[in-house]
Amino acid sequence: MVKEYLKKISEGKHLTFDEAKEIVLSIDREEITEAQLGAVLLGLRLKGENPEEIAGFVDVLHEKAKKIPNRTPAVDVCGTGGDKSNTFNISTAVAFTLASLGVRVAKHGNRAMSSKAGSIDVIEALGFKCSDNPEEIARDIDEKGIGIIFAPYFHPVVGKAVKVRRELGIGTIFNMAGPMLNPANLSGQILGVYSEKVMRNMAEASLILKKDNILFYHGKDDGIDEISLSGKTIFAYLKNGKIDYFDFSPEDIGIKRYQKEEFKGGDAQENAKILEDIFKGVAKESHIDIVAVNSAFALWVLGKVKSVKEGFDMVKEHIMKGKVYEFVETLRGRTA
């Protein structure tokens, strides 16, 4: 069966939803060789993955994942990575900011793949440990306001493909599927993507899977997987069974533009220091503004604010008062 799919891919033809599912099932059953899996992943990449293929992968990978039984629906804020921009961990800062505002957050993340510091690397540098216990993470979400989900603990099938992916050394369909695999009970998601084409494909894949309330975005002018303050950001908003496309520029809500270099990060320790300064409200205004605007869009998606402008002003004031730092210190068992 795998050889038939390989032949189809080599001819530049797309797999169906069910055929893509079969590929993942063959990985799970260990019926596909490493050579065949490498060929499938490279072939899909060369011809271009389509929404049905992404949806098929996500469907099985999510079904096989260990689930987080949180009672209170949560939001996830993450990105695909792979934009080669080396920004600091903006979505991680947003996750703690939202939680400090009373929004339940299920932060799904991993270690660095293409950047110097993945979200989990930075979260650990901030002094937090990752649990592999679904019940413990659910309690963290329900009682503390934020749970940290280290992806490899919860996605055994993905783990079976790690060796081949590492040896290939390129982005594959797993990079698109990964951010769509949060195993917690979600009420919404904001998801940054490294390219416009992939963003559209991921949105359409989510529509096929009947997912809802997901805001996909891509910083078009500077090519980042964040809502940008250096230029235009394009969005695909999946809500109530349809996808709306729109764009945003900083001037739309009265924010000045910043140079892309303003948001450069470093290793995990350096990025943790940047986040600490943001949480305290003593960071550069550019850093506070980009966290505030990304947080504002999440609040808007969740219906917590009527406009992004309202959300931005509220979040910026909250950060400047050091409220995020107070919350983070409480999580760490300290008094700010």
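Just so you know, the numbers here start at 1 and follow the chain as drawn.
From the backbone N, Cα and C atoms, a Cβ is placed for every residue, glycine too.
Every protein chain considered, the tally of other Cβ atoms within 10 Å of the Cβ of Gly79 (anthranilate 1 binding site) stands at 24. The anthranilate 1 binding site feature in Swiss-Prot is assigned to Gly79, Asn110; the stated evidence is sequence analysis.
Cβ neighbour count for His108 (5-phospho-alpha-D-ribose 1-diphosphate binding site): 29 (other Cβ atoms within 10 Å of its Cβ, all protein chains included). Under the heading 5-phospho-alpha-D-ribose 1-diphosphate binding site, Swiss-Prot lists Gly79, 82-83, Thr87, 89-92, 107-115, Ser119, citing sequence analysis as support.
For the recorded site, Glu226 (Mg(2+) 1 binding site), the DSSP three-state label reads coil. In sequence order, Gly79, Thr87, Ile90, Ser91, Gly192, Tyr217, Gly219, Phe263, Ile290, Asn294 are the residues near Glu226 (Mg(2+) 1 binding site), counting only same-chain partners six or more apart with C-beta under 8 A. The Mg(2+) 1 binding site annotation in Swiss-Prot covers Ser91, Glu226.
If you look up Swiss-Prot, you'll see Arg165 marked as anthranilate 2 binding site, on the strength of sequence analysis. Shown in sequence order, Leu41, Thr172, Phe174 are the residues of the chain, 6+ apart in sequence, with a C-beta less than 8 angstroms from the C-beta of Arg165 (anthranilate 2 binding site).
What Swiss-Prot records for Asp225, Glu226 is Mg(2+) 2 binding site. Residue density at Asp225 (Mg(2+) 2 binding site): 27 other Cβ atoms are found within 10 A of its Cβ, drawing on all protein chains shown.
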Of Thr87, Ser91, Asn110 (the binding-site residues), the residue whose Cβ has the fewest other Cβ atoms within 10 Å: Asn110
Three-class DSSP secondary structure - His108 (5-phospho-alpha-D-ribose 1-diphosphate binding site): strand
DSSP state at Thr87 (5-phospho-alpha-D-ribose 1-diphosphate binding site), helix/strand/coil: strand
Inter-residue C-alpha distance, Arg111 (5-phospho-alpha-D-ribose 1-diphosphate binding site) and Asp225 (Mg(2+) 2 binding site) (nearest angstrom): 17
